[in-house]
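The feature signal peptide is assigned by Swiss-Prot to 1-19. The disulfide bond annotation in Swiss-Prot covers CYS35-CYS63, CYS42-CYS56, CYS46-CYS64.
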Amino acid sequence: MKFHLLFFILLFSITILTGKRSYPEYGSLDLRKECRMSKGHCKLQCSENEIRIAFCIRPGTHCCI
């Protein structure tokens, strides 16, 4: 059983961790920061003169420009 655990840990470290190091653009994305960079605001509801473009951190909040 210990061998299986060791094998799983080695397999995980070889595949997942090296892939994240090789391709950092596929890592996590801060949607709130991306919304602010596009001059938007994270709100629960966009007003009539604003355009909703994406979701922010929570699925209920929208990025309104």
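Glycine too: its Cβ is placed from the backbone N, Cα and C atoms.
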Subject >> Other CB atoms, at most 10 A from the CB of CYS56 (disulfide bond) >> reply: 22
Subject >> Local Cβ density at CYS46 (disulfide bond) - other Cβ atoms counted within 10 Å >> reply: 16
Subject >> List of residues, in chain order, with Cβ under 8 A from that of CYS63 (disulfide bond) and at least 6 apart >> reply: LEU31, GLU34, CYS35, SER38, GLY40, HIS41, CYS42, ARG52, ILE53, ALA54, PHE55, CYS56
**OP:** Work through the disulfide-bonded residues one by one (CYS35, CYS42, CYS64) and point out the residue whose CB has the fewest other CB atoms within 10 angstroms.
**Re:** CYS42
Subject >> Three-state secondary structure, which DSSP defines for CYS42 (disulfide bond) >> reply: strand
